[in-house]
Structure formats: structure tokens, C-alpha cells
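Trainee: Checked Swiss-Prot, it gives:
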| type | residues | note |
| --- | --- | --- |
| BINDING | 236, 238, 313 | Zn(2+) binding site |
């Protein structure tokens, strides 16, 4: 057992495949519940434009519930906005892009002083505020929208999907331009004090693209991020990414955050090539389940081999704080399974599933 670690050291060790004292509840998905926003006096859309309010809201889940991460930047549209897209601020929580900004990839440009452009200074200011406030003790894991999603925003999602079939050269050019921008912004986040970058690429979901499309168009961009940004990274892709896993593990990114893939299956396919983060359901379990159910599901994730426990996506506004606290408590109270290799882990999972059925989900919170 490793001696007691700080949240930052624990999260970094887990992301990079090292030893930890317990599986960290370092959730980089959005935790902006109504209760947390009221407690820290944050509101939409102000939290998108004020560095201190952004920092307060990013850290609220740690201060109130013990979740060991702070994630500034709350929307995946900021990058597209900087590149010229308009946003729908009638939906102020996570404003969507209203439409594409470019038809020609050669026209994609951004200002030289990126740190002074759009809402980027707000995010960088929040990172700096959090770094000073916690003296490096709390991992700062800002959102960074990944290239394929950014390309879809600035060129049109339907256009990008069509071009991967009809004009692959144009699709590649837009992705390359988006990657150049994301690398530049990611380097700024790291320079201002981010410990880990959270790469969100929802448009790379297998519900939208095939595994072959991921391999040809998305994987090269992910490899560039891993190579060119000197900061640990977590990649998140929504939906059922099971068919993408054989390629995702070739990306060079440190950790994969998954949605609906079973934990044991993700561990089996990924092996030890990456750390994995997942996966508490946010549709029913987190908003509607009991703390005991959340606790038990967290234990299952740990026993099935996840390196970090987090939610499958951002939690809904009505998620009870007691459910967030139960998830943290389960991480701290569940011993880490020790296995010499992944194959042995999978065999043990089979035994564990049978035992769960017999003992009514691991004996609940009495263990």
C-alpha cells in the first residue's frame, strides 16, 4: 500500500499507470449541479465569462463532495467560437454552435495572441486561480475539445461526415487545421498550470463514425495531441466505443474515459496500453439512484479494473449531492484489486459477477 497521497499525485499516478493508495474519484466530467451552483454562488452564463466564478464552480464538487478534480471550461464550443463560429447563448449552460464558419480549410485562422482571444483568457485565469488557491494539491483538469469535434463545428458535422467518404483530402485538411489550433490551446492550458488535459471528442463516437473512419481520420489527430502537448491527457468519447478500442489504445494518450462500454471489456481490450476511467451512468443511476446503489456500482467499477472512477458524461443538474459523496466514499473504502496480468483480471471478474449475484451486489455498504 502506498502511503497517503495528495489528490494531485494520486490522479497523476492513476492516469500514468502508477501506484495509488486508492482508486481516485478524480472525475473530469462536468459536475455543475443546481445545488453546487447555489452553494458557490455561480450562475449561467456568468460562469463562462468570469475566471473566479469559473474556478469556484470547478472546485465546488471537491469542496462539497470530495471529488478529487477541478475542471475549468464548461462547454465544448469555446474553441469553435474562437475560430469564428457563433454560439446560441439562449442555452447558456453549454451554448451550442449555430452553424459552420468555413467552407475552405485554407481559410481557418486565429489570432497570434491566443491567450488574449475570446473566452480563452477566462479559462487560463481560472486555471491560474485554482493552481494558486490549492498550491498544486488539487488536480486541475481543464476541458480541451478535441480536433475531430472542432472540425465538425467549424466546417459542419454533416459536411465532415460526407467528406470522409467523398472528399477525404478536404476532411483531412479541416482536421489538420483544427489539430493545429487545439495543440496551441492545449499548450497554453499546460503553461498556465493544468496538471492533466481532458480531451472531449463526442463527434468521434461510434454512433456517428465507423471504426475505419476513426482509424483514418481521428487517430492521427489524437496521436499528434499525445506527441505535441507535454501534459498528461485523458480522452473521452461518448456512446459505445467498443469497436474503437483497438485503435484508441494506439493513440499514445495516457487514459481513456468511456461511456457505455462495460468496464471489464474496456480493461480487456485496452490491456495495459492505457489507463481507463469509468463509468457511472448519468441517465438514471446518478440522478435517480440511491447512495447505496451509487456506492455499489463504484465498487463494481473498481473490482472490474478501472484506474479512475468517473461518470459516463456530465451529471444532470438535479443529481443529489449524497450520490456524489457516496461515489467518493466507495473509492476510498474499496481495496484496489491486485492482479499480475489482465487475463487473470478478466477471470476474476467472472468469479466476481457470480459472487455479486449471490451476495446482493457485494454486500452493499456494510463491507
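Backbone N, Cα and C define each Cβ position, glycine as well.
Show me how these features fit into the shown structure, please.
Mentor: Under DSSP, residue 236 (Zn(2+) binding site) is assigned to a strand (E or B) in the three-state scheme. Sequence-distant contacts of residue 236 (Zn(2+) binding site), defined by Cβ-Cβ distance under 8 angstroms and a gap of at least six in the same chain, are 28, 29, 198, 199, 200, 201, 202, 256, 257, 258, 259, 277.
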Trainee: Check each residue in the chain of residue 238 (Zn(2+) binding site) that is at least six apart in sequence and keep those whose C-beta is under 8 Å from its C-beta; list them in sequence order.
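Mentor: The list for residue 238 (Zn(2+) binding site) reads 202, 205, 207, 259, 313, given in order along the sequence.
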Trainee: So which other residues, same chain and not among 236, 238, 313, have a Cβ within 8 Å of the centroid of the Cβ atoms at the Zn(2+) site?
Mentor: 29, 200, 202, 237, 239, 257, 259, 312, 314
Trainee: Return one of helix, strand or coil for residue 313 (Zn(2+) binding site), based on DSSP.
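Mentor: Once the DSSP labels are grouped into three classes, residue 313 (Zn(2+) binding site) ends up as coil.
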